[in-house]
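Taken from TrEMBL as is:
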type	residues	note
DOMAIN	1-569	domain 'Myosin motor'
BINDING	GLY76, GLU77, SER78, GLY79, ALA80, GLY81, LYS82, THR83	ATP binding site
REGION	535-557	region 'Actin-binding'
Amino acid sequence: IAKVFYTHAGCTLVALNPFQPIPHLYSLDVMREYHSAPQPQVNTLKLPHIFIVAEEAYRNVQGQVEPMNQSLVVSGESGAGKTWTSRCLMKYYATVATSSQKCQDTVEKIERRVLDSNPVMEAFGNACTLRNSNSSRFGKYIQLQLNGSQLLVGASVQTYLLEKTRVAFQAPNERNFHIFYQMMKGATEKQRLEWMLPLEQDFAWLPHAEKTLEEDCLQETVEAMINLGIDEGKRTQIFRILAGLLQLGNVDFSPASEEAQSCDLDGHSKGKTAYLLQVPLDELQSCLTVRTLRAGKQSVLKPCTQSECGVRRDCLAKVIYAQLFDWLVTFINNSMCADNPTWCNFIGLLDVYGFECFLLNNLEQLCINYANEKLQQHFVAHYLKAQQEEYVTEGLQWSFIRYQDNQGCLDLIEGSPSSIFSLLNEECRLNRASDAKQFRVRLQKELSDNASISWDKLSKEPHFTVAHYADKVSYQIEGMMEKNKDPVPPEIISLLQKSQDSLLHSLFADGDRESEGSRGHSKVVTVVSKFKNSLESLMKILHSTTPHYTRCIKPNPDCRPLTFKKEEV
Ligand SMILES: Nc1ncnc2c1ncn2[C@@H]1O[C@H](COP(=O)(O)OP(=O)(O)OP(=O)(O)O)[C@@H](O)[C@H]1O
């Protein structure tokens, strides 16, 4: 059966998603078989399999082949099986990279924690989308750290670009992050009271709660949190904050009767939100409905419009959720990390979102597709090098073949002095209301020499089209500059700094998040700058390792078991 789902294409392993559990293909016995085979990759009994890639990387570390550190790069579109494959690789190493003497208590604990990091990160970072009922809404790179005897002694994880907008906005037929549904479905009576989540209450930010998914299991998440060392006190705080966000989603605004007054907050949810987030209710109200304008030493209070209030409410939810997610990742890292001197090599697993092209694409897709361009460049460079080395060892005559180089596209997106990113950042620094049409003119003026950008003359919406290596994608400009700034009103930060909840308070205590216009023209660290920096560090790590590529394929668009459509495969 292995033959059906895996095959090699050059230096890449191609994995077809069966959309059905195939237990005997991944059992402990199968892992041990691949691990103990003298040459897993050439043994004809051992057909192409993800464990061959895993074992090859493991032996490279062991064999002291330079460079010794390895990277397993898993790619593919949403629902293709990247997360599943990464989990499978982690299980493999947690099984084979362990001492047979079970007295090694600490090592055993580490393996458990490495595996337990998955359900926790998936509960908080995955959601049901149109394409995948367990879609990762963030990218991750996990380093599995090995000691001199090749044993797994620790791990660390780096995450990229969590789709935090999902907490306050879910596209039609999509859901919020799993954790909220887990709480709604798995809470005990006592927890329901504590979290103020009565069964009969509906939540605006919890669409499609009637859908039953296997991911909706609170028990599994809580057990994993316990194993990672998140104590009861912290868990209580985390769930209370999340419940506060659900109540916040039910807060609506009605316009004030007089123009000069601020909007009113409707219903009972505002009180519950303030209670769960442990912030003063009057300050919650004012921070959502009134803006403080500073002019020199004076400040003027200006009521927000109804729609501005909604934006501030959503912003409050997003900033809390994003900080909480980062806190969890840091906690998980501390829980899994090896003492520095004990590890000497690592195997890295990269699971990033695949190339995206929707009806409407904006800054999120631009960042994701930019990451894919970077990885494609890395892949092509490595693939050609491997091919040339093969020719040399076989003594073949060869001449350099021109290949599709995506440097032009990367220059367009991230290059200097002028690129989409640099112009977006410049626009953000100007501290003025951005105009999509003007920005389009600017792009056209500065970048039209680059062959990778074009404009559909018939389209009325301001946009630009990028010819990526995978496909052409049109990006809408409306809203892009604001997304890049990702402003957080200073009133929101100061509200959260007043929270009586020690966890929530600590997330904002040092005010390390840049807030909008707090000091005249504050130094804004934009979304694209942050993403570019984190991607550059990732590429540095990848370049210092031996890469192994796995390309996952979604063989039919409807996630049907054992269905392989020719045009998809
Ligand atoms: N080898 C496999 N065997 C059985 N089922 C699989 C396998 N690979 C993937 N699946 C199934 O396909 C679903 C989608 O896979 P997965 O979540 O790993 O996709 P993904 O590529 O990570 O998607 P996204 O980019 O949206 O996160 C899984 O929930 C699982 O049910």
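A Cβ is built for glycine as well, from the same backbone N, Cα and C atoms used for every other residue.
Non-local neighbours of the region 'Actin-binding' (535-557) in the same chain are 9, 11-17, 19, 50, 53, 56-57, 60, 65, 67-82, 85, 131, 141, 158, 160, 348, 350, 370-371, 374, 378-379, 382, 563-565, 568-569; each lies 6+ residues outside the stretch with a CB under 8 Å from one of its CB atoms. Residues belonging to the domain 'Myosin motor' (1-569) score a mean pLDDT of 90 in the model.
Around GLU77 (ATP binding site), the same-chain residues at least 6 positions away in sequence with a Cβ under 8 Å from its Cβ are ARG131, GLY354, PHE355, LYS554. Taking the mean position of the Cβ atoms of GLY76, GLU77, SER78, GLY79, ALA80, GLY81, LYS82, THR83 as the ATP site, the remaining same-chain residues with a Cβ inside 8 Å of that point are ASN17, TRP84, ASN132, GLY354, CYS552, LYS554. In this structure, the binding-site residues under consideration are SER78, THR83, and the one with the smallest number of other Cβ atoms within 10 Å of its Cβ is SER78. Note on LYS82 (ATP binding site): other Cβ atoms within 10 Å of its Cβ, all shown chains, come to 28. Its Cβ taken as reference, GLY79 (ATP binding site) is surrounded by 24 other Cβ atoms within 10 Å in the chains shown. By a simple count of nearby Cβ atoms, those within 10 Å, the most crowded of the binding-site residues GLY76, GLY81 is GLY81. Only GLY79, ALA80, THR83, of the binding-site residues GLU77, GLY79, ALA80, THR83, place a Cβ under 6 Å from an atom of ligand 1. Other Cβ atoms within 10 Å of the Cβ of ALA80 (ATP binding site), summed over all protein chains shown, number 23. Following the DSSP three-state reduction, the secondary structure of GLY76 (ATP binding site) is coil.
Under DSSP, LYS82 (ATP binding site) is assigned to a helix (H, G or I) in the three-state scheme.
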